[in-house]
């Protein structure tokens, strides 16, 4: 016990000396450039809602054809998720972002120029592919360039920009034509493509691929010209050398004992995030708010802008409070929110206390979205970017991202079937999943704040 206390007393002194003369402006610039990819992601999510009626009218699309246009985004994202790990390992983190941005730009142009359903679907599939790659490579890149005391806050900006892109697309979509709105998706793509020329590659990827000189140059740029990087560089090199002595990893190797715990943590958090019902709640929020007498525009501002505000607040505390407490608080709020929504449906079905149904429904939805934004939205992506060793990060991270997108599609697809079975039962199922998620976080998920990536990965994977 005494040795542990002594170590805790020494840690601040070590951190202080290693951070001497450190300048972080390049870290902030690199993060800003990377999260432009997250903003592109949000633009794709927010595009279909304000444009549905106009697109169907202009191009004479049936409801079925527009439904394909809306849902094909998810399939593109799943393809992007499958390829995101190998692409980022082969091309580098910057190379993967560059390719994704170019594909997204081509997708937005295809949508803008579309004269029929085929071009629309091709464009939507392309933007979905880019979104799938961005959803993996952006948090990974940020975690690999950020100092340990800022890593959580900067990685959380990924979720902030996704919500921001969705909200801006919805708001300006009420004023712009759908073709003009598609063109706005080119702006963050252009900023990202230009910005990638100004920032360094991930030092850890450079070290892993044997670019030793470039590795030291990139790390020096990120920490400042006057910073002493010798200690951090030595730790990264030592860990990379240890990994290089291991055999090359294939997909089935993820389930070996050496890597299994990190895979369970990363994939398990994605399962809890999606199967806890976020897409079902978001899907039905419009009807619930309308039943409470509010307009769709007001509903959207309450939900999406609420997400932005709460997630911004989380960036201020994630590196102080820690990842695990935020997940536990968020999980508890999600369980309570699902029970409140379920109760509102139970009262409605049984015609009991009807006057309280809208109030309960709105309260439950707002609590759900606030709780999700407080932890379950951003933190799983932060932890996923931290726990996988660099030699399996491409395969394991791509797998976790694929599970996430598959979960998003599954919940969206099954929601109506569950609601036809039992409206209140549906939300009790979601409450049970979130309750199991709390147990999972308590028993399996480690705390990662204040530790280097090498320390986290060595502790988890032995």
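Cβ from N, Cα, C; glycine included.
Pulled from TrEMBL:
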- 30-449: domain 'Major facilitator superfamily (MFS) profile' (DOMAIN)
- 25-47: transmembrane segment (TRANSMEM)
- 67-87: transmembrane segment (TRANSMEM)
- 99-116: transmembrane segment (TRANSMEM)
- 122-142: transmembrane segment (TRANSMEM)
- 154-172: transmembrane segment (TRANSMEM)
- 178-199: transmembrane segment (TRANSMEM)
- 263-285: transmembrane segment (TRANSMEM)
- 297-314: transmembrane segment (TRANSMEM)
- 326-347: transmembrane segment (TRANSMEM)
- 359-383: transmembrane segment (TRANSMEM)
- 395-415: transmembrane segment (TRANSMEM)
- 427-445: transmembrane segment (TRANSMEM)
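Touching of the transmembrane segment (263-285) and the transmembrane segment (359-383) is concluded from the presence of at least three CB pairs under 8 A, sequence neighbours closer than 6 excluded. Simply put, out of 25-47, 99-116, 154-172, 178-199, 359-383, 359-383 has the most Cβ pairs sitting under 8 Å from the transmembrane segment (427-445).
In the predicted model, the domain 'Major facilitator superfamily (MFS) profile' (30-449) has a mean pLDDT of 86.
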